[in-house]
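Asks: Right, I'll just put the structure down here and ask away after.
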Amino acid sequence: MDRKQLANAIRALSMDGVQKANSGHPGAPMGMADIAEVLWRGHLNHNPSNPEWADRDRFVLSNGHGSMLIYSLLHLSGYELSIDDLKNFRQLHSKTPGHPEYGYAPGIETTTGPLGQGITNAVGMAMAEKALAAQFNKEGHDIVDHFTYVFMGDGCLMEGISHEACSLAGTLGLGKLIAFWDDNGISIDGHVEGWFSDDTPKRFEAYGWHVIPAVDGHNAEAINAAIEAAKADPRPTLICTKTIIGFGSPNKSGSHDCHGAPLGAEEIAATRKELGWEHGPFEIPQEVYAEWSAKEAGAAKEAAWNEKFAAYEAAYPELAAEFKRRVNGELPAQWEEKANQIIADLQANPANIASRKASQNALEAFGKMLPEFMGGSADLAPSNLTMWSGSKSLEASDFSGNYIHYGVREFGMTAIMNGIALHGGFVPYGATFLMFMEYARNAMRMAALMKVQNIQVYTHDSIGLGEDGPTHQPVEQIASLRLTPNMSTWRPCDQVESAVAWKLAIERKDGPSALIFSRQNLAQQPRSAEQVADIAKGGYILKDSDGKPELILIATGSEVELAVKAAEQLTAEGKKVRVVSMPATDTFDKQDAAYREAVLPSDVTARIAIEAGIADFWYKYVGFDGRIIGMTTFGESAPADQLFEMFGFTVENVVNTAKELLA
């Protein structure tokens, strides 16, 4: 069969899907159909009957607006994505949302749409493949050996994150990463020459990539030769494919008119004629399905791999068991028992240390149990304290380590970690100053949306960092993280809460965790075993009154000690004061109503929240009758103790505010 007709099946489904939805992007799928046909039918190792096969090649559509391309590919090659699913493109509760979403249709490796993040996720996947191979493969036993392929457009390359990710990919020699640039010269505003005139091949050569320029994106032989050359080269490869957006559309191809709008019934009819595609909307002939189906070949490839793995298992039974545990995302045996013992030991041996140091101590204790840890920092390891005694850096020539030097690339780091998490086999953690989570925010949002494990260590969490001033002092960042759905945000007050936060982040497989730590030393709080257990509920009574409280002080992180001291003074003056430590508001909010009422009785309306972050967040806990000691402006450059005094974070101010409230 003429392979052009196999590519035309993608074009037909794409224009039909967009037309039926009356919205979407037909241009990119029609332009990249020939490349997709060559890659998916000739090179991609995958099994539609088992989309979770551990050693499958990964495919990422970074230009996610062209989602009908991947939906068409999944449908045609035999995944559980029916023609009715394609007809439901962009409709409520369909498996085919406007941009590809992880967890909806089988075979979607990552959620894409925010441009540049797909290529960055792909870099993470390629890093995970190379690291797993270095950790598990033995001579004659290559059980981890697959490619990561990514399609991307001009928009991805204009986004700054593509520089962060592709620069690092070149440095680390990710030879199993192959990217296709859809060089069609068109974006939403029109022809890109006016705003995107980079010499992209030279740019990628400068990163240390293997670049194959000027490939005709509509010539199957040229595309195939480029892929073969890419697979043979030890460097990551950029294949520059010259394509015509909306290929086949007589009146709209090559222009922005077909980028982000349906072609219209008349133009679709003309396109069918132009392409020689004589079938109705959503009609695919049986012989086309037969040519496209990857079920038989995919099952054979997985069966061959299963044989390889059985031989590996016979030769290296312990490694094989560990590989299975890690790719299944299971924690080691005795994890719960050992982790709880570590936490109990910390409570029994008080230390007044910065919570960033407590975080490093937790890494040291837990890391010995977790070979799946893949740590890192955006060039702040000595400040974030993310390296521990077992940390070994990844290098291009040796990927057997467990620590990535991301360089000053906060956004790139976070989206790469999403790719590592999606690939499987690792628990990634990264780090920067809390202030600079702003650079990475959208990648954390994507982790929350995809429900993937991404642990971020955010240190230097308030005006407490002092002299560096307001450019580096976070104010609104904690609230911003807490307001993100499916984000778990922790701001611990001492080494015990810090270890609990780490334990829960390691156990949390269905979303990201933001662990927020101080630069300055924090006093350890005394607790009973029951109180230690209650930390995991996100908020608990740390210090209680004799009898029913008349005032509740709610605090987090460095301000918990302040609340305790103020409570002691108020108690000495005859007031009944309860102190609630609330390291994780989202976790507290998930507790049952009875527990929340026990901690914050609704009839005790005299409440003060104390946190060196934006004040407004706390009204939901203190009510309009309560008071908040927090930040309402940016900080200043000065020693931390002077700043805490200036902004009202003193025992005296808490006591005076309490007296006013109780008067």
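Keep in mind that glycine also has a Cβ here, set from the backbone N, Cα and C atoms.
Below, the features straight out of Swiss-Prot:
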- H25, H259, R356, S383, H460, D468, R519: substrate binding site (BINDING)
- H25: site 'Important for catalytic activity' (SITE)
- H65, G113, P114, L115, G155, N184, H259, F436: thiamine diphosphate binding site (BINDING)
- D154, N184, I186: Mg(2+) binding site (BINDING)
- H259: site 'Important for catalytic activity' (SITE)
- E410: active site, proton donor (ACT_SITE)
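In the displayed structure, how are the listed features positioned relative to their neighbours?
Replies: S383 (substrate binding site) carries a helical DSSP state (H, G or I).
For H25 (substrate binding site), applying a Cβ distance below 8 Å and a minimum sequence separation of six or more within one chain yields V18, H65, G66, S67, M68, H259, G260.
Classification of H259 (substrate binding site) by DSSP places it in coil, neither helical nor stranded.
Counting only residues at least six positions away in the same chain, the Cβ atoms of G27, D154, V192, I245, G254, S255, H256, H259 sit under 8 Å from the Cβ of I186 (Mg(2+) binding site).
There are 23 other CB atoms within 10 A of the CB of H259 (substrate binding site), with all protein chains counted.
In sequence order, A378, T432, F436, M437, Y439, A440 constitute the residues six or more apart from E410 (active site, proton donor) in its chain with CB-CB distances below 8 Å. When secondary structure is read from DSSP and collapsed to three states, E410 (active site, proton donor) falls in the helix class.
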Asks: Using DSSP with the three-state reduction, classify I186 (Mg(2+) binding site) as helix, strand or coil.
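Replies: Once the DSSP labels are grouped into three classes, I186 (Mg(2+) binding site) ends up as strand.
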Asks: Can you tell me the CA-to-CA distance separating P114 (thiamine diphosphate binding site) and H460 (substrate binding site), as a whole number of Å?
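Replies: Between the Cα atoms of P114 (thiamine diphosphate binding site) and H460 (substrate binding site), the distance comes to 29 Å.
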Asks: Inside 10 Å of the Cβ of R356 (substrate binding site), count up the other Cβ atoms and send me the figure.
Replies: 25
Asks: Rounded to whole angstrom, what's the largest C-alpha distance between any two of H65, G113, P114, L115, G155, N184, H259, F436, listed as binding thiamine diphosphate?
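Replies: Roughly 35 Å, rounded to the nearest whole number.
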Asks: Quick check on the binding-site residues: of N184, S383, whose CB has the lowest count of neighbouring CB atoms inside 10 Å?
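Replies: Selected from the binding-site residues N184, S383 on minimum Cβ neighbours within 10 Å: S383.
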Asks: Looking at Cβ-Cβ distances, which residues of the chain lie under 8 angstroms from G113 (thiamine diphosphate binding site) while being 6 or more apart from it?
Replies: G64, H65, G98, H99, P100
Asks: Give the distance between the Cα atoms of S383 (substrate binding site) and N184 (thiamine diphosphate binding site), rounded to the nearest whole Å.
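Replies: Pair distance, Cα basis, whole Å: 44 Å.
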Asks: If you skip the near sequence neighbours and keep only those at least six away, which residues in the chain come within under 8 angstroms of D468 (substrate binding site), Cβ to Cβ?
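Replies: Those within reach of D468 (substrate binding site), by Cβ under 8 Å and sequence separation of 6 or more, are H460, S637.
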Asks: When a 10 Å sphere is centred on the Cβ of L115 (thiamine diphosphate binding site), how many other Cβ atoms does it contain?
Replies: 22
